Each structure stands twice: as structure tokens, then as C-alpha cells.
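Listed features, source TrEMBL:
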BINDING   C244, C309, C310  Zn(2+) binding site
DOMAIN    11-324  domain 'Hcy-binding'
Amino acid sequence: MAPPGISSSSEENPNFLQSKNIVVLDGGFATQLSCHVSQPIDGDVLWSARFLASDPEAVIDTHIDFLRAGADLIITNTYQASIGLFVKHLNLTEEEAYALIKKSVELAHTAVERYLQEFPDAKKPLIVGSVGPYGASLHDGSEYTGAYASSTPVETMKAWHVPRIDALIEGGVDLLAIETIPCRAEAEMLVNLLKDKYPQTKAWLAFSVAQDGKSTAFGEPFQETARACYDLNPDQLVAVGVNCTAPRLIESLVDGINVGRSTPIPIVVYPNSGESYNVEMGFTKTDCAPLSSYVAKWLDMGVKGIGGCCRTGAEDIKAIKREVEKWRIQNNVSEV
Ligand SMILES: [Zn+2]
């Protein structure tokens, strides 16, 4: 087993999100998981992460759904996982909580093994460790406002992030998805943490954004923030982008981000279905066109990775994959 900080196989994929490569991500884990379990998921303080303990087979089946749909990678079910929440809500010791986060990677590996048994000629999918924001642990929708950024010291956020990242890397992820990050302070801390503590690990960084189509959720200018974060650590960041926002906002967020740059930032986007989440109201629809209808436009703009977030399932990933293939043929871009 490689020690923390030493990634097992990301070096095998040097072209990930680079040059002509286009990567299809998976979709909203909790959404697809709901096809395999009868208990409610939305509203649970642990969200889908509870099922790492209560129904690991359902977690594996959910990953396999996305792989069969054409995802090039799967993201571990750890967005809402943390040592503190597992200790509190699953009555685990800290060691058991750490082991359960590691187990999320094992379940993803099992899904990949089973998928490759079913499709022996398929390209080996990557396993990406989900690193959700500190705010997700507060269970008050703060990852969509970044409100905690002004009251929480970054050192507190760092101390909270480290054990989960340790567990994901020790479990053997290929790279990390630092995702739904609402504010620059937390993003910069994580990008610097990668450099200082996990120098061999690659990651992408995806922001949670405001409804104005130009700011992070906390209100900083998105493009300036994304560029600044990428430039802090271009060797380890395979992409920067946006997740869990309405598809209609992506164009104004991303368009022109690489103008005037000698090193373009590979862009990753994985919006939600266009329904926005509110703790009191739940999901409300704000976007009527399906996510897949935007894919060609985003690829024309140079986006390198596309997937789905909340309220998107395997069928959405299948539709995204179809659009990516169509675009490749139309633009004479072969698969890398
Ligand atoms: Zn989401």
C-alpha cells in the first residue's frame, strides 16, 4: 500500500483533462443511489454517506450504473463523509470512522472490478475521491452560500479536511475531486494543502457558484478566483471548474476564462439538473432544458470534463456520453 500522498495510478493518466482528451464524469450519487435503496436519502444528516455503513452493495451498484452509462470515472460516496459526523451519527470511534471513509474507496474498486469483468475490453475507469466543503458538514446549505467563510478560520477547515483526504489517499484513489467549494479561502487552503502534504496527488477543483453567473457562492469573482487557484498549483490541479449549479449558468461562468493565458486551465463542469436546493423548500426547478443539450456548446468552448451533480442519474450520463461522441465525430476528435 502506498503511503498517504503517494498516488497509485494517476501517473498512468498524464493526459487526464489535458489537450484533446474529453472525460465524462459520473452523476449525482444520491440521486442514482435512490434506485437501489428504499430509505430516504435527501434530508439525512449524513446524506448518501450513511449507506457506506448500512448498504455497501447499493453503493457498489450505484457506481456500476454510472460506469455502464459511459462514465470514464467514478467519484467516491464521501461528499458528506467526515470523521466527526460518523462518530456522532453512526456511533463509531474515530478509527472506525476513518476506516469507513477508506472503505468508500474499496467499494469503488469493487465496482470497477465487477464492471471490467462484465466489459473486459473497457478502458479502466478512474476512482476519484470526493472532498466536499467544510460547509457540507454544517447541514444548513452553507456550501451554497459560503456563509461560514467569514466566521471560520481556515485552520479549522484544514484540520477538518485532513483526515478524510488521508483516508481517501490511503484507500487508493487515483485523484481527488475537491468540489462544491463556495469560497476562495477554502479553495486556496486546499490547493496549498495538496502541495504541502500530498505532493504526489492530483485533483480537480470545482466551485459552488452564485446565481448571477459570475461569482463564487460566497461572492468573489469566479474567473479571477479560478485562475488564481490554478496558478497556485498547476502541476497538481488537472482542472478547475464548477459543479452543482444550473446548466444555464455555465456559459457565462466559463466563457473567456482562458483568454490571454499562455497555459490554458482545463475546465471541468458538472452541473445539477437545473433544480436548486433550499433547506426549507427542497429542490425547485429553475432550468427547463436537459443538461445534455448543453454539451456541444460547452465542448466548443473548450470544456474538457463534463458530468452531472445533484438530481442527475445514470440516464443523464448516458445522454452526456452520446453528445460527447457526436461532438467528437463532428469535430474529428478521436478518443485519447
Ligand atoms: Zn450537487
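Placement of Cβ uses the backbone N, Cα and C atoms for every residue, glycine included.
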Which one of the binding-site residues (C244, C309, C310) has its C-beta surrounded by the most other C-beta atoms within 10 angstroms?
C309
Predicted model, mean pLDDT over the domain 'Hcy-binding' (11-324):
93
